[in-house]
Amino acid sequence: MSIRRGVIVSKLNWSKIQFVWRGVLVGSIVGFVISLFRLGLHYALTFVFWAYEYMNEHPWWIIPWVLLSLVVAGIVIKLVQDEPDIKGSGVHDVEGHLEGVIQLDWFSVLWRKFFGGILAIGSGLALGRQGPAIQIGGMVGLGLHQAIGGNRSQENIMLSAGAGAGLAAIFNTPVSGIMFMIEEVHHKLSTSLILTTFSATVTANYITSYFFGINPVLYFDVLEFFPMHYYGYLIGMGIILAIVGKIHKELAMMIPNWLQKLPIPSYALPVLSYLMIIPVGLFLPMLLAGGSNLIISAGSGDFSVRILLALALARFVLMHASYDTGVPGGGFTPVLALGALLGGAFGTVLINQGYVDEVFLRSFVVYAMGGFLTSFTRASLTAVFLMMELTGSVTHLMPLAVVGLTTYTVSEMLNSESFYRMALLKKINQIPSALVGAIESFEVVVNRNSALDQQATDELDMPTGSQIVKISRHMKEFIPRTSTILQANDILYIQADSEMLHQTRAYIEHLNTHNVKK
């Protein structure tokens, strides 16, 4: 019996088990940290909404509120000055650290982003909490890696696991957390990444669910089954969302440059955001904060098309006035809110014209949220999974996919990059064509009887600056040697300098599609 137990233990893949327990460790800490972050935001926003309601009845309190807002703005400015990497959502900073073009100080970013995010988002600015949660979670993972030790690859995995856990914990959507890291950040699959990140997202989601309940932050009741003969309308909506998304992202890149020309120091720009939000809170408080209340209102059927479009325009302006001044806060939820308003307006037009039944208004709202998020992040699968987790149903996979794929295709035609990619390139003062020397990766499955099948790796004439870094065979991964013989159905993980990526891919695909064996 002891011999059999010893054989079983010896056959265990401890490296994969290690990925799981590291993910659980990261997810546990991220779950607690993000729970505190959510709690801080809850109390801050509860106080802010109460304060604006109170000031409407007691207007003499407006002056003290202005002074308090200036003090809070000053604290946020100081935090950003001391640690510029807490500006904005922070998702692009996480991507930059993973790519090696940015080096983040995990503790400095962690605590400043935590308190800066609460002071900025909790003040009612039109900012999202998901981006900060991703960066905070990533910094927890980075800090744990430095405590445990390991190589650069393990550092990236721990950082990714923490970031994915942050998104899962802030939204109560574990699958979307891992999908976002794969689709938006890494753009590739690996066993270590999936095991660690999935373990982290599930653990973080479990902990936050213990404190806040199991329902997602933006929970929708069951939607009506969407008829297939309405799908043509979804394509039209997807086109509109892609165009608006393109405009939104371009303005987000240009407005900070315009603000630099104002006759005030650039570091003082957040003061404008804090002052501008006060009249909004007094007269139209539903526009404050991330926009969760707007999402619910967009599908209520209580607003006309004109009001929905007016709210969308006001929200559009407020988003840029809040985010583009460089305060700590994201654009994830505001994007969902804007998409909901646009979807509500689009659906209301169709309902008023008698083209669709009014019971499908909320469906248009949800599908537009997924489509606009696709335009913003270029991560269509993440958007689809997020909406399915928010609705608690997989029956809407097809309509979500139609909107997402339409938006993605039109965005591609418009040459509309992911917002986070655009933000990273702007931060490091580079354009896509200037990224010479960056490492790119792709995967290839060896076709049977192709020129790659039964080929020795040392006989391949790989272009300079490229190599096969890993092979997956029968669910096992290994690093190839010069004498390794490739076999049909092997998954080749290939890395190449970005300058040689096209040539490398063309060479491998040529061998893999020609049935000429040596």
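For all residues, glycine too, the Cβ spot is worked out from N, Cα and C.
Features of the protein shown, as given by TrEMBL:
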- 428-510: domain 'RCK C-terminal' (DOMAIN)
- 20-41: transmembrane segment (TRANSMEM)
- 61-80: transmembrane segment (TRANSMEM)
- 157-182: transmembrane segment (TRANSMEM)
- 194-218: transmembrane segment (TRANSMEM)
- 230-247: transmembrane segment (TRANSMEM)
- 267-291: transmembrane segment (TRANSMEM)
- 303-323: transmembrane segment (TRANSMEM)
- 335-352: transmembrane segment (TRANSMEM)
- 364-388: transmembrane segment (TRANSMEM)
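Only pairs six or more apart in sequence are counted, and the transmembrane segment (61-80) with the transmembrane segment (267-291) gives three or more Cβ pairs under 8 Å, enough to call it a contact. Counted as Cβ pairs under 8 Å, contacts with the transmembrane segment (335-352) are highest for 364-388 among 157-182, 194-218, 267-291, 303-323, 364-388.
Among the listed stretches 20-41, 194-218, 267-291, 303-323, 364-388, the one sharing the most Cβ pairs under 8 Å with the transmembrane segment (157-182) is 194-218. Pairs of Cβ atoms less than 8 Å apart link the transmembrane segment (194-218) most often to 20-41, out of 20-41, 267-291, 303-323. Note on the transmembrane segment (267-291): residues 45, 48-49, 52-53, 55-56, 62, 65-66, 69-70, 72-73, 76-77, 80-81, 120-121, 123-129, 259, 297, 311, 314-315, 318, 321-322, 325-327, 333-334, 336-338, 340 of its chain, located 6 or more positions outside it, place their CB under 8 angstroms from a CB of the stretch. Mean model confidence for the domain 'RCK C-terminal' (428-510) is a pLDDT of 77.
In terms of DSSP helix, strand and coil, the domain 'RCK C-terminal' (428-510) has 19 helix, 27 strand, 37 coil.
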